[in-house]
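Presented below is the structure to which this report refers.
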Amino acid sequence: MPKRDDIQTILVVGSGPIIIGQAAEFDYAGTQACLALKEEGYRVILVNSNPATIMTDKEIADKVYIEPLTHDFIARIIRKEQPDALLPTLGGQTGLNMAIQLHDSGVLEANNVKLLGTELESIQQAEDREMFRTLMNDLNVPVPESDIVNTVEQAFEFKEQVGYPLIVRPAFTMGGTGGGICHNDAELKEVVSNGLHYSPATQCLIEKSIAGYKEIEYEVMRDKNDNAIVVCNMENIDPVGIHTGDSIVVAPSQTLSDVEYQMLRDVSLKVIRALGIEGGCNVQLALDPHSLNYYIIEVNPRVSRSSALASKATGYPIAKLAAKIAVGLTLDEMLNPITGTSYAAFEPTLDYVISKIPRFPFDKFEKGERELGTQMKATGEVMAIGRTYEESLLKAIRSLEYGVHHLGLPNGESYELDYIKERIGHQDDERLFFIGEAIRRGTSLEELHNMTKIDYFFLNKFQNIIDIEHELKNHQGDLEYLKYAKDYGFSDKVIAHRWDMEEKDIYELRMSQNIKPVYKMVDTCAAEFESTTPYYYGTYEDENESIVTDKEKILVLGSGPIRIGQGVEFDYATVHAVWAIQNAGYEAIIVNNNPETVSTDFSISDKLYFEPLTEEDVMNIINLEQPKGVVVQFGGQTAINLADKLAQHGVKILGTSLEDLNRAEDRKEFEALLREISVPQPQGKTATSPKEALKNAREIGYPVVVRPSYVLGGRAMEIVDNDQELENYMTQAVKASPEHPVLVDRYLTGKEIEVDAISDGETVVIPGIMEHIERAGVHSGDSIAVYPPQTLTQDEINTLEDYTIKLAKGLNIKGLINIQFVIAHDGVYVLEVNPRSSRTVPFLSKITDIQMAQLAMRAIMGETLAEMGYKQGIQPYSEGVYVKAPVFSFNKLKNVDITLGPEMKSTGEVMGKDLTLEKALYKGLTGSGFEVKDHGTVLMTVSDKDKDEIVKIAHRLNEIGYKILATRGTAQKLKDHNIPVEVVGKIGGEDDLLTRIQNGEVQIVINTMTKGKEIERDGFQIRRTTVENGVPCLTSLDTASALTNVIESMTFTMRNV
């Protein structure tokens, strides 16, 4: 069938900021789709609010709008651009919900915009729980016993019929937002009221829990001629009851008989045909482990996290082909880009095993609720490929960067068996490692199966890993056992531990005996057809399929799984670096392990190695490829942390030298450099023990900022006000030692400024300076950043420029550098320097049209910035005002305090741009999910030190017409200044302020931290209540003041004459 010629211009809706449940997989899908549509000759217009994506680069679409993904803003773009069609199925849940809103409001019809891909009725039939259930009943496809409710009372009526446990699934949400498993009345009430709040349709499905069934997924494609195929089927190792995004997944499924596989395949294809889906679709099924009974759980009528995984697992580009199906092409006329010879209608076959393990944020949020259920909590994931299940699992484990390298915890032997079993009984993020620990202690697989309902197949594989450990222990130095352990994915580190040797001894032994991995190709067809893809994984077999060319090569280290503090911004820089390497005529090689990202799309680099980012795995690739050098500055802390280890093997680190990287990180050397170049920093000292930290803090004077050296995202960083708080920090948050010192710095309050620069060793180019709205003390990743700076004097700007050039030259930077400054009452101080790409690089690149990562890579390869046409110093400003606003995922993480401080907590970001600061801020806040209203009620409860400042904000909000509620102390302060205020009661008393929030009487809460950081504090309860009820809560008065500016600019003040 020829493609559609009745449309020329297509609007693609992206998925917006990265949140838990909707991450980089949509950047990958959206990028593929836009390029595929352009390839077919269509004009593509993209709208997305996330600047940290490749898809929002100018080259990806004909026109790119970085605007909030709300009905009003997209409607404006439709009226301006007059597209012929809208493609909503590549923007995650956000894209689908936007399509439904634009259709329901009549905007699509009024502007003659057609929907491409799956019909709206089909989307609604799959997403609306009631319609879906009806269709399944018509098809005789079993669904769990369930009911649709719009109120909490209806949920309790259903509970009377079927009893507990129950699963709650809100309609039209993703990542299980608002849902959960309920075992009693209190949980049912909380989860259903939450779910109704988060569902755009105020609708929840309540179903009888089938927790314990196997969870199986089929990733399917269908075109308009009813050709339908299964791209990949996947099995969750965790049974039904844990969200698939939080489950350990294996592909292809390992425990299904042929009868079961074909039965579920037939059902999946039957459902996708009945729904009339055109494009990609994900079908989730539950299978009774003891019979052929099954249920269908849900269908996602769009490209999803699972389809990104299926694409990387098989090499079959689902999003690209889904976009082409949407414009009328069919599976039997499109070639599979991997083989270049077989058609897309051939189902992929795999001759390897894929393991996916989620990456959770609990290393950041140690007090967070770790137990897993139907609401997703992982921020990212890793994937590994092996010839055996054990090999792929162990490779995935060491890709996580949790400090775990194997099936066990670092100090696992110190736990009591009772504690281990108790932890296995809770479904949490560490259960896999505790199972390994239990098997080591001799716990039977039967007992483990009864506790976890994990299939015996997987438990036997875990047992096999532990058996190999014992064999290694009993055969120290035996090469046969070394080879055997390598076949099953054991790392040198783990073997060394079993043999009481050093990791480097095992590495050298392997090299001397020629025990090295070979690299196999991922080709979608189990080597049946000739394949041309440069996509490889390592394994210990005989035949190497990765042919080394004689071209000069540069190897780029990716940034691994997405986590708080290291997001898609680093993938963005990695991809741009690769493009620059290719343009310079080198062969570009990527090593990465994240299945969601653009960098692991096989069409980006000349060669892709899907491998763990560890010293051993990277060295194996370097030994084969012999690159000219390795680039570490684009892969975040993951890559930087490998630089030292690789250099010890004689590998050339390209760009800023290892000595200079270490000088930026080492406290004493850095201080010496600052003295030499006359750049001031806040007074600070290094402590290697709690006693020394107390001595330092008293000398410097409180408040002080304390943190471990070498961290990204401000991990374990705190501002402390007295000896007691410092002692708590030193004993609970960190283990200080001479190898791991703790830094104690004077805490300066003032404006925080962030600068990114590029240097070639001679010239330092500064694309722009960003001013933070929140004062120093809030992590830069959680602050609202503004370009160009709005309140700096020319002298301050000149000083920032001067210090940036001195620092870049003093550290001999080749490539990128990111610097944070604070402007205190007595001048500019440097807070920290990162000699690498940063999370603001994509934002600044978009604003200034200076492709920073590409310029940096060109400088690393020896081009000068002068040759590229750049002059030293700050570059001319772009017109307009731009803000980068953080986006948080607190609604997915229970027990996490939302107060902003030096520890980073945001998962993503949006950009707002307009002619004035207030308009840009309005877009930034709106894009981040904050509904800015010109009237309403604000609740204020602030600490004593903030009471003077809150008076000004309250006065301005009162002038606009906002009603003010406040707790007693704050209210008294406002009354003293003649500001009308209503006093609300403390928690637990009469007229409880929490009840006011829960009843929807409050639109904004302003609450600042009172010290005494324990969870019991009232402030914590207030902040969590705002999250559970979807009320914006501001914990920084700077943000509150900025918001007040925005509201003032939208409205009029009312004053009597």
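Heads up, residue numbers simply count up from 1 along the chain you see.
Placed from the backbone N, Cα and C atoms, the Cβ positions cover glycine too.
What Swiss-Prot says about this protein:
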- 1-401: region 'Carboxyphosphate synthetic domain' (REGION)
- Arg129, Arg169, Gly175, Gly176, Lys208, Ile210, Glu215, Gly241, Ile242, His243, Gln284, Glu298: ATP 1 binding site (BINDING)
- Gln284, Glu298: Mn(2+) 1 binding site (BINDING)
- Gln284, Glu298: Mg(2+) 1 binding site (BINDING)
- Glu298, Asn300: Mn(2+) 2 binding site (BINDING)
- 402-546: region 'Oligomerization domain' (REGION)
- 547-929: region 'Carbamoyl phosphate synthetic domain' (REGION)
- 671-861: domain 'ATP-grasp 2' (DOMAIN)
- Arg707, Arg746, Leu748, Glu752, Gly777, Val778, His779, Ser780, Gln820, Glu832: ATP 2 binding site (BINDING)
- Gln820, Glu832: Mn(2+) 3 binding site (BINDING)
- 930-1057: region 'Allosteric domain' (REGION)
- 930-1057: domain 'MGS-like' (DOMAIN)
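Mapped onto this structure are the features recorded in Swiss-Prot.
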| residue | record | Cβ neighbours (10 Å) |
| --- | --- | --- |
| Arg129 | ATP 1 binding site | 25 |
| Lys208 | ATP 1 binding site | 18 |
| Glu215 | ATP 1 binding site | 24 |
| Ile242 | ATP 1 binding site | 26 |
| Gln284 | ATP 1 binding site | 20 |
| Glu298 | Mn(2+) 1 binding site | 16 |
| Asn300 | Mn(2+) 2 binding site | 25 |
| Leu748 | ATP 2 binding site | 21 |
| His779 | ATP 2 binding site | 23 |
| Glu832 | Mn(2+) 3 binding site | 17 |
Taking only the residues the record lists as binding ATP 2, namely Arg707, Arg746, Leu748, Glu752, Gly777, Val778, His779, Ser780, Gln820, Glu832, what is the largest Cα to Cα distance between any two of them, in Å to the nearest whole number? 18
Of all the binding-site residues given, namely Glu215, Ile242, Gln284, Asn300, which is spatially nearest to Gly777 (ATP 2 binding site) at the Cα level? Ile242
Of Arg129, Ile242, Gln284, Leu748, His779, Glu832, which binding-site residues come within 10 Å of Glu298 (Mn(2+) 1 binding site), going by C-alpha to C-alpha distance? Arg129, Gln284
Entry from the binding-site residues list Arg707, Gly777 having the most other CB atoms no farther than 10 A: Arg707
All chains considered, the count of other Cβ atoms within 10 Å of the Cβ of Gln820 (ATP 2 binding site) is 20
Tally of DSSP helical, extended and coil residues in the region 'Oligomerization domain' (402-546): 75 helix, 11 strand, 59 coil
Leu748 (ATP 2 binding site) sits from Ile242 (ATP 1 binding site) (Cα to Cα, rounded, in Å) at a distance of 45
Determine, to the nearest whole angstrom, how far the Cα atom of Gln284 (ATP 1 binding site) is from the Cα atom of His779 (ATP 2 binding site). 39
Of the residues in the region 'Allosteric domain' (930-1057), how many are helix, strand and coil by DSSP? 57 helix, 19 strand, 52 coil
Reported as an integer number of Å, what is the Cα distance between Lys208 (ATP 1 binding site) and Asn300 (Mn(2+) 2 binding site)? 21
Nearest to Asn300 (Mn(2+) 2 binding site) in three-dimensional space, by Cα, is which of the binding-site residues Arg129, Glu215, Arg707, Leu748, His779? Arg129
Gln284 (ATP 1 binding site): secondary structure state under DSSP, collapsed to three categories: strand
Looking only at the binding-site residues Arg707, Leu748, His779, Gln820, Glu832, Glu215 (ATP 1 binding site) has its closest CA neighbour at His779
Can you grab the distance from His779 (ATP 2 binding site) over to Arg129 (ATP 1 binding site)? Cα atoms, rounded to a whole Å. 41
To the nearest Å, how far is the Cα of Arg707 (ATP 2 binding site) from the Cα of Arg129 (ATP 1 binding site)? 48
